[in-house]
Amino acid sequence: MLLSVFIILINTLFVLAIPPKEGSDNNPSKKYLVTDLPGLYENVKPKISVPLMFSGQLELYPENNTHYFFWKFVDSELNQDTSKKTIFWLNGGPGCSSMDGALLETGPFRIDENEKVIYNNGSWHKFGDIIYVDQPAGTGFSFTNEYITDLDQVAWYFLKFMEEYYKLFPNEINNEIYFAGESYAGQYIPYIADAILKRNKNLKENDVKYDLKGILIGNGWVSPNQQSLSYLPFFINHGLIDKSHPRWGSLLSKHEKCQKIVNKIDGHFDEADVHPYEVNSATCESILTDLLNYSQDRESDSDHRCINMYDYTLRDSYPSCGMNWPFELKYVAPFLRKEEVMHDLNLVDLKYWRECSGKVGRMFGARNSLPAVHLLPNISQEIPIILFNGANDIICNSDGVLSYLDKLQWGGKVGFTNKDDQINWIYDNKEVGYILMERNISFINIYNSSHMVPYDLPDVSRALMDLVSGKYEEKEKDGKREFITYPLGEVRNKLGQEIPADESSKPIEDKPDDKPIEDKPEETKPEQTKPEDETSSSTSEIIPTSEASFIPEPEESTSSKFTRLIQLGVIFIIFWGVYILYVSYRARPSSIIKKPARSTNSSGRKKNVQWADQLNRFEEDENELGSPPPQGIIAKTISKITGNTSNRGRYAPAGDGSREFTDDIELGEGISDPNVDEFIIGSDDDEDDDEDVETHEGNPKKTESKS
């Protein structure tokens, strides 16, 4: 018994002598660290290409059980240019997961046919830390008991997310901030940006100003009714339907009804009141539904009958009309539904992932919020706005974006004063698009790309961040202005040598030229750049300085080593003293040792056996990613001795472990592959687990979703 107590005491001293894992108490972000994914170390090479990752479901409001899921990627290569920049990426819907952005567009990974990650050479995390957020709550892996219904609430909730996020990553709070996203994020992002700018002007005590530098909206759904007027001209101009069609009269009639609604909106545009005819876009949006129906090629096979609404050069089955695209979506969905992956992503509440949530879309009526187009003029007075568009998209096409800009007043003028003043965008010696730019708003039309520009042209899309941050060259060729950007690796060398520091740090700005753009070039695809080879034989990961506080240093300082030696010396002396006492105790004459009656088994040994059995209850490990729960000194000792050997991320399924997945219904119709979710339009039925939820405004009408 006495010996057991001494052994426990010695082990306890060993535990106390070893410094606690750095960040276990002061760095709560450690429990969100992602250490593995299927295919990560098999397919992503060299090792330096593996990004530092954090993900999990971050609690915002415990009173209504609202948690936002985020997935953050940090460049593992030490890079001064990327270490002070943060990009928040949002997909649309409403109710479509930003995992589309992470795994199909701007993130470092794509998913292959084996449902494993492979590397994306065009990842935006090479420009700055990028965080993908599933929002509003109920989208993707986010969850809540109370769904939100309006755009103002989107902004409030996201500011709360940022507040909680910076508690996890306080070293990043002074970073430059960019927001980027696509489609219905054209509503989200302006509202969030506007809320941040207002917050910065009304800081409370101890608040830190958010350094918002710019927003980028790809194929954005910003002015719904106005943009819907572009559908019929688009189909005519691209030869997708002609005026001799038997249903032409019906199409023209609906177009005229939409035009009357838009005229009414224009007449009251400057009013602060929210008018029902402006926030209800059902009539105008139905034009596209009819066009897709009437333009079917009924002689084609069933899989190629309908025009793909996201890329008019592609075909799909009807009525999917693009909802089965991108084809890799059939790999993404089962990948995110794997228990192994949910384990790796640190989910604390298991949720069956779906690309788009019909429930979120139905609850999110946005009936009390003006369309985001109203916010652009004020935002542009403070930060640059980039509106980029894939030229092949129908649903949020370039003509629709230009049509609302033509009417918009910003910077004291209406629209672009000279639409012929187009700037050629050159990337990797190829003309990839053109730019219109005035008064802090830029429109960029990108050739040979769809609704999801980063999916088609990942390298080109990353160069958008070079445009918004001013990392480009400006030249003139044949009387036309050109903005020149470079592939990763070339940009710093070329710009560092040829552009003065003060020029390369400026965002794109207005410069005079009145020459028209030439005809669109032939289709070109930029070559993807390869990740740089490893320059060191060391197998240790390189961690960005912004995350250094989470990772133990490879070598301790001399003073730390000296302290360890003193501690170990003290422990050795104590151990030696205990040993001498024990030997003296055993060496005493047996005649003077009183032996109490007892069973054959030693009580002390029996306790040791019992403690060993209890070790199965402890999950603590010195390599555990999350902060350990409170423990007594004996429990710490036992945990230190035995420890858990799992090398995966924290995984704590809710409930008793028997909980079933939460299920949603697929959006839309006509999807032949059960693994493929609808990409955007329509939510016809409730999810299988449709439960009563609280909303802030009764039962809003069902709305189309734009991803």
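Placement of Cβ uses the backbone N, Cα and C atoms for every residue, glycine included.
Not measured: the values here are computed from a predicted model.
Among the features that Swiss-Prot reports, active site is placed at Ser183 (among others), with the record citing sequence analysis. Under the DSSP three-state reduction, Ser183 (active site) is assigned to coil, being neither helix nor strand.
When secondary structure is read from DSSP and collapsed to three states, Asp393 (active site) falls in the coil class. The active site annotation in Swiss-Prot covers Asp393 (among others), and the record cites sequence analysis as its basis.
On its own chain, His451 (active site) has Glu182, Ser183, Asn219, Met309, Tyr310, Asp311, Gly390, Asp393, Ile395, Cys396 as residues at least 6 apart in sequence with a Cβ closer than 8 Å to its own Cβ. Residues annotated as active site in Swiss-Prot, with sequence analysis given as evidence: His451 (among others).
Annotation comment: Swiss-Prot describes 503-533 (among others) as compositional bias 'Basic and acidic residues'.
The compositional bias 'Low complexity' annotation in Swiss-Prot covers 536-549.
Sequence annotations record features per position, and here Swiss-Prot assigns compositional bias 'Basic and acidic residues' to 695-707 (among others).
Taken from Swiss-Prot, the feature N-linked glycosylation site covers Asn64 (among others), and the record attributes it to sequence analysis. DSSP classifies Asn64 (N-linked glycosylation site) as helix under the three-state reduction. Using a 10 Å Cβ-Cβ cutoff, Asn64 (N-linked glycosylation site) registers 14 neighbours.
The N-linked glycosylation site annotation in Swiss-Prot covers Asn121 (among others) and is backed by sequence analysis. DSSP classifies Asn121 (N-linked glycosylation site) as coil under the three-state reduction.
The Cβ of Asn293 (N-linked glycosylation site) lies under 8 Å from the Cβ of Tyr318, Pro319, each on the same chain and at least six residues away in sequence. Look at Asn293 (N-linked glycosylation site): DSSP puts it in a helix. Look at Swiss-Prot and you will find Asn293 (among others) tagged as N-linked glycosylation site, backed by sequence analysis.
A sphere of 10 angstroms centred on the C-beta of Asn378 (N-linked glycosylation site) encloses 14 other C-beta atoms. Look at Swiss-Prot and you will find Asn378 (among others) tagged as N-linked glycosylation site.
Within the same chain, the residues at least 6 positions away from Asn440 (N-linked glycosylation site) whose Cβ sits under 8 Å from its Cβ are Ser380, Gln381, Ile383, Pro384, Ile385, Trp410, Gly411, listed in sequence order. Taken from Swiss-Prot, the feature N-linked glycosylation site applies to Asn440 (among others), supported by sequence analysis.
Summarising the annotation, Swiss-Prot assigns N-linked glycosylation site to Asn448 (among others). There are 22 other Cβ atoms within 10 Å of the Cβ belonging to Asn448 (N-linked glycosylation site).
Here Swiss-Prot flags 496-557 (among others) as region 'Disordered'.
The feature region 'Disordered' is assigned by Swiss-Prot to 644-707 (among others).
Under the heading signal peptide, Swiss-Prot lists 1-17, citing sequence analysis as support.
The annotation topological domain 'Lumenal' is assigned in Swiss-Prot to 18-564.
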When distances run from the Cα of Asn121 (N-linked glycosylation site) to each of the glycosylation sites Asn64, Asn378, Asn448, the nearest one: Asn448
For Ser183 (active site), the number of other Cβ atoms found within 10 Å of its own Cβ: 31
Whole-number Å value for how far Asn64 (N-linked glycosylation site) lies from Asn448 (N-linked glycosylation site) (Cα to Cα): 45
For the recorded positions Asn121, Asp393, the one whose C-beta sees the most other C-beta atoms within 10 angstroms: Asp393
Overall pLDDT of the topological domain 'Cytoplasmic' (586-707), taken as the mean: 40
Conformational class of Asn378 (N-linked glycosylation site) under the three-state DSSP mapping: helix
Integer Cα-Cα distance in angstrom, Asn378 (N-linked glycosylation site) to Asn64 (N-linked glycosylation site): 33
